[in-house]
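Enquirer: Residues annotated as region 'Disordered' in TrEMBL: 1-54. For 12-29, the entry in TrEMBL reads compositional bias 'Gly residues'. If you look up TrEMBL, you'll see 113-137, 152-169, 181-199, 205-227, 239-262, 282-301, 391-412, 542-564, 571-592, 598-620, 632-653, 659-677 marked as transmembrane segment. Among the features that TrEMBL reports, domain 'Major facilitator superfamily (MFS) profile' is placed at 115-683.
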Amino acid sequence: MADHYQNHIHQQGGGDSYGTYGEGGGPDGYGYQADYPSQEEDAASDVTEGHDEEDQMYEGEYQGIPHPDEMKTAQRAARAKAQPAGSAVSDLEELSEQYEDIMEDCGHGKFQWTLFVVLGLALMADGVECFVVAFALPSAEKDLCLSNAEKGMLGLVVFLSMMVGAFLWGGLADKLGRRRCLMVALVINCVFAFLSSFAQGYGFFLFFRLLSGIGIGGTVPIVYTYFSEFLQMDKRGEHLSWLCMFWMIGGIYASFTAWGVIPRYGWGFSMGSEFQFHSWRVFVLVAALPAITSLVGLTFMPESPRFLLENAKHDEAWMILKQVHDTNWRAKGQPEKVFTVTHIKAPKTAEDELIEIQTATGTPVQRWAVRSLMLCKLVLRNVASLLSAELRFATLLMAIIWFCMAFSYYGLSVWFPDMIKHLQYEEYESKVKTFYREQVENFQFNFSLENQIHREGEYIRDKFIGIEMKSVKFEDSLFEDCLFEDIRSTDTMFENCTVRSTVFYNTDLWKEKFIDCRMENNTFEHNKHGCHLDTMDENDVLVYLVSFLGSLAVLPGNIISALFVEKIGRVRIIGGSMLISAGCSFILFLSFSQSAIIALQCLFCGVSAAAWNGIEVVTVELYPASKRATAFGVLNALCKLAAILGSSIFASFVGITKAIPILLSFTALVCGGLVALKLPDTRQKILQ
């Protein structure tokens with residue numbers, strides 16, 4: 001291997017397409033000096049001046065503990081020995097080996113932990129986005145007067161926009177850079193989330209949430225790709241799993257802020273009847289804080305050096321790697337350690353040359369058009385390459401696993417709270433009071449009416465003043481010379497009634513609430529406008545509590561997967577967790593109360609978290625750097641498509657049958673778990 005590499009270096013003067021940084025190379029064929037090299041005068045740094053390294057003695061030497069540098073050398077020798085004898089090593093494989101060695105020398109420390117928090121906040125923003133519309137919708141539907149179809153479209157647009165965003169930003173991140181694309185995506189999310197909080201009409205609100213979702217959809221594929229390229233092999237699985245915890249934190253943050261903000265109606269303001277800013281809009285603004293914080297943090301973070309090397313930007317990559325090295329070793333109290341890399345291989349592809357040639361001439365508009373067209377072609381070509389001979393099998397397996405997991409997870413995540421609401425509604429409906437043929441004359445109703453049915457009643461010269469009507473239905477009844485004043489109603493209607501000479505003053509009893517009624521000589525004055533005046537308790541504490549418990553239940557799964565992903569392997573984590581999740585869903589046949597559903601939701605979310613962590617780690621490790629974000633974006637887009645299908649299909653069976661959703665989720669999870677066992681073990685695989 002060393003001879004092959006030396007020959008390659010010798011040929012570079014003849015026009016090889018691989019550039020280098022610095023000159024010379026170490027005895028192992030890479031641009032390393034020894035771990036403690038003899039520094040020339042012009043290369044010595046201030047921190048090493050006057051420092052006699054030979055007088056230093058490693059403290060573990062007395063106990064026979066190998067020096068960390070000796071362990072690194074042994075690991076590299078073992079990897080070299082693992083190469084089949086006489087096998088040709090490609091240039092990209094050499095780059096991967098060298099990059100892994102560099103990351104080992106840089107160590108894992110302050111730089112990675114800072115990046116961990118910054119990228120974690122971006123992942124947290126993605127978790128919050130999944131809950132924003134669901135928590136705001138009960139209040140927003142009244143503020144915006146939404147129909148059931150419009151509410152369904154708002155729920156659908158969340159996953160639809162994130163699907164588009166994952167595909168778009170994942171592909172662009174492999175061509176334009178991880179940091180650059182992530183920052184643009186977060187800016188789009190923040191801007192349109194802000195605008196959506198002020199939108200007064202359904203159309204604008206839907207449009208702004210669509211664009212906001214397209215922005216945040218790029219976070220997951222870019223975050224995992226970006227962070228993995230700053231991790232050495234033995235730290236990769238564990239720390240990517242810890243990163244997943246931020247998605248859980250996003251769910252907890254959304255639940256707490258919704259619980260604390262939305263019921264506080266006094267936190268809003270209004271400007272006449274045309275502009276209303278209620279508390280749910282404040283929640284939409286607060287929900288954007290993680291994305292804003294992450295965006296600020298990213299301004300201090302560098303681009304992925306692996307991406308820069310893939311795009312032949314040697315100098316920039318070298319400077320960033322030196323920054324990582326120096327930051328970590330200074331924080332560990334060893335500022336004397338010097339970054340000794342002098343030579344880094346980096347390919348310059350024909351695609352880059354083609355863009356340079358085609359964009360060298362023409363007007364600025366023409367150059368922009370050519371660049372955009374070429375960029376689209378390169379992204380689509382990268383997507384198509386995922387089905388090439390060497391990646392086809394891995395892509396097929398991962399697509400099945402992502403789809404099965406997302407279909408079950410998001411389907412049950414919607415089905416669980418919907419079933420709880422349905423059980424509550426059934427319990428509420430069972431307590432309905434029915435009144436037959438009551439005759440009331442000259443009476444003033446000064447108390448609220450709730451959960452009642454009045455049939456064939458007669459109400460003569462009665463007054464309904466300053467009361468609330470909730471879930472009240474009048475059937476085949478007569479109202480004559482009555483007065484309805486200052487009435488607020490929810491789910492209230494009049495069916496087949498006769499209404500004569502009755503005055504409706506300052507009420508929300510519109511004519512649409514009178515179904516097949518005979519209306520004779522009635523007066524409607526100063527009707528209330530705006531659906532937000534309904535009195536339904538749209539902020540049921542149980543809604544927030546269930547979401548909070550479901551998010552918190554993810555914690556044990558995250559911890560277990562992070563601690564054992566390197567010990568028992570990604571494949572067993574994925575397969576085992578999906579099969580256990582299938583068992584959790586099947587238990588629903590045994591018990592079906594509200595408490596049982598909540599308990600099983602927590603168990604299911606906790607076990608599923610381990611599977612998700614393993615899936616995301618394997619996705620990063622299976623694909624080469626030039627296709628990593630693209631592959632993650634495509635698979636994450638497929639995940640969102642499965643989420644749309646799962647949530648729609650499962651929700652359609654609420655109140656009809658529980659057997660079909662349970663069997664669907666069980667089948668999908670078992671299928672995905674068995675397929676996962678066919679995946680290769682990537683624990684000891686260097687990122688390509």
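Cβ coordinates are placed from backbone N, Cα and C, and glycine is handled just like the others.
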Enquirer: Averaged over the domain 'Major facilitator superfamily (MFS) profile' (115-683), what pLDDT does the predicted model reach?
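Expert: Overall, the domain 'Major facilitator superfamily (MFS) profile' (115-683) comes to a mean pLDDT of 85.
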Enquirer: Of the stretches 181-199, 391-412, 598-620, 632-653, 659-677, which racks up the most C-beta pairs under 8 Å with the transmembrane segment (152-169)?
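Expert: By Cβ pairs under 8 Å, 632-653 leads among 181-199, 391-412, 598-620, 632-653, 659-677.
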Enquirer: Counting CB pairs under 8 Å, which listed stretch among 205-227, 542-564, 571-592, 632-653 touches the transmembrane segment (598-620) the most?
Expert: 542-564
Enquirer: Would the transmembrane segment (391-412) and the transmembrane segment (571-592) count as touching if the test is at least 3 Cβ pairs under 8 Å, pairs 6 or more apart?
Expert: yes
Enquirer: At a Cβ cut-off of 8 Å, and with pairs 6 or more apart in sequence only, do we get at least 3 pairs between the transmembrane segment (181-199) and the transmembrane segment (282-301), yes or no?
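Expert: Taking Cβ pairs at least 6 residues apart, the transmembrane segment (282-301) and the transmembrane segment (181-199) are in contact, with 3 or more under 8 Å.
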Enquirer: Which sequence-distant residues neighbour the transmembrane segment (113-137)? Criterion: at least 6 residues beyond either end, Cβ under 8 Å.
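Expert: Residues 146, 151, 154-155, 157-158, 162, 182, 186, 189, 193, 209, 212-213, 216-217, 219-220, 223, 226-227, 230, 239, 242-251, 253-255, 258, 262, 280, 283-284, 287-288, 290-291, 293-294, 297-298, 300-301, 543-544, 547, 551 contact the transmembrane segment (113-137) from elsewhere in the chain.
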Enquirer: Please indicate, using numbers and ranges, the residues of the same chain that are 6 or more beyond the transmembrane segment (632-653) and have a C-beta under 8 Å from a C-beta there.
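Expert: That would be 155-156, 159-160, 162-164, 166-171, 173, 217-218, 220-221, 224-225, 383, 386, 398-399, 402-415, 418, 619-620, 623, 660-661, 664-665.
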